[in-house]
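Peer 1: What TrEMBL shows for this protein is this:
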BINDING   R101, K141, 146-152, 180-183, E188, H211, 264-265  ATP binding site
DOMAIN    105-294  domain 'ATP-grasp'
Amino acid sequence: MTMKTVGILGGGQLARMMVLAGAPLGLRFELFDPAADACGAQLAPLQVAAFEDEAALAAFAARVDVVTFDFENVPAHSARFLAARVPVHPHPDALAVAQDRLSEKTLFQQLGIPLPPFADIRSRDELAARVAEFGMPCIVKTRRLGYDGKGQFRIRSAADIDAAWATLGDYVEKTGLILEGFVAFDREVSVVAVRGRDGEFRAWPVTGNWHVDGVLSASLAPAQLSPALHERAIGHARALAERLDYVGVFALELFCRGDELLVNEMAPRVHNSGHWTIEGSETSQFENHLRAVLGLPLGDTRMLGHACMLNWLGAMPEAAAVLGQPGGHWHDYGKQPRAGRKVGHATLRDADAQALADALDAVGAQLDRTAQVAPLIAALRS
Ligand code: AMP
């Protein structure tokens, strides 16, 4: 393979892990991010510029063979500007759909993928009327630019309608708003999947996810789902990828309630709930994303055992507790500590579910994270 240069819009930890996965393939990388301290810059050259800066984008396009993303909120017109100069995967149209909760939910509906009730909201009166229709609790979300539970307001009582409007009403103009029915889910799962340029589709086993305050805290693969639900979840991801003519890795987040699977959202990029694939599967999401965008054969997505991932938010804990476990792996993104910031993760893997539960138990006790590991241990021991 002649040496190729991959351009990545966004230079955070996802870009950083792509660079780590691409090095053995002989790939070079160029990153583009408005933040000079983007943590991917420790591993690859970074162009610091606004995503709207067309002169900087044109210079970037001239240095790379293909462009992809570590960040889905790159303005769609910037992605299209690049696509006029160099191949961009996933396609800017797919990015545009996934950037807007209303357009992605409308697409899910067209594909026959079940989802909670939703409505476009343009005024306080419309909000009040839809809350009455959906019932409480329900959730107001910004249509665009929301992530990790940001730009959301839960309405639990009639008094919350005014509070929600006071907090998010301004966003009608800036990003749009939607209201969503609340799902009292049994569990949350995600499908991380990849589609190649030739249309080949592969998915990793469905992952179970636990969120705290809207932010991913821990993942366990495979998720505890019946084979039928597992297949249904992957079928939804395949239908979506085919409709969007998607190229690369994406994640589809779903709520599981009894025998129902309700879709929440898609992320048009490698995803936090797929970080376990680095050590837990034959081919990681990062490597397969690169293979897909470069038109190379996709790698096998089979698991190498039970795997779980613990996110580190705010500051890194001591590594020794994880590194001392068989199948324990450590990822420090090289970021400055800051409250709530994703600064790293750990993956633990074991062929035996009970042994993995024991390892998690030990890690939770040593790092004072018993609440974070408890649901995973319960799932592994059930
Ligand atoms: P999101 O940014 O849409 O992925 O939301 C972040 C998290 O908030 C989800 O992973 C859920 O834990 C929770 N959440 C979001 N929307 C809903 C909903 N409609 N019903 C129940 N929980 C939700």
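Glycine is treated like the rest: Cβ placed from N, Cα and C.
Nobody curates TrEMBL annotations by hand; they come from automatic prediction.
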Peer 1: Sort out the sequence-distant neighbours of R101 (ATP binding site) for me: same chain, 6+ apart, CB within less than 8 Å of its CB, listed by position.
Peer 2: F118, K141, T142, R143, R144, G146, I178, E265
Peer 1: With H, G and I counted as helix, E and B as strand and the rest as coil, say where DSSP puts K150 (ATP binding site).
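Peer 2: Note: K150 (ATP binding site) is coil by DSSP, not helix or strand.
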Peer 1: Helix, strand or coil by DSSP: which one applies to N264 (ATP binding site)?
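Peer 2: Its secondary structure by DSSP: strand.
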Peer 1: Count the Cβ atoms, other than its own, that fall within 10 Å of the Cβ of E180 (ATP binding site), considering every protein chain shown.
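Peer 2: Counting Cβ neighbours of E180 (ATP binding site) within 10 Å gives 20.
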Peer 1: Does DSSP give R101 (ATP binding site) helix, strand or coil?
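Peer 2: Its secondary structure by DSSP: helix.
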Peer 1: With Cβ-Cβ distance below 8 Å and at least 6 positions apart along the chain, what are the contacts of V183 (ATP binding site)? List them in sequence order.
Peer 2: P116, F255, R257, L262
Peer 1: When the Cβ positions of the binding-site residues R101, K150, E180, V183 are compared with the atoms of ligand 1, which fall under 6 Å?
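Peer 2: Those binding-site residues that pass the cut-off, since their Cβ is under 6 Å from ligand 1, are E180, V183.
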Peer 1: Rank the binding-site residues K150, N264 by the number of other Cβ atoms within 10 Å of each Cβ, and give the residue at the low end.
Peer 2: K150
Peer 1: Tell me whether V183 (ATP binding site) sits in a helix, a strand or coil according to DSSP.
Peer 2: coil
Peer 1: Can you tell me the mean pLDDT for the domain 'ATP-grasp' (105-294)?
Peer 2: 96
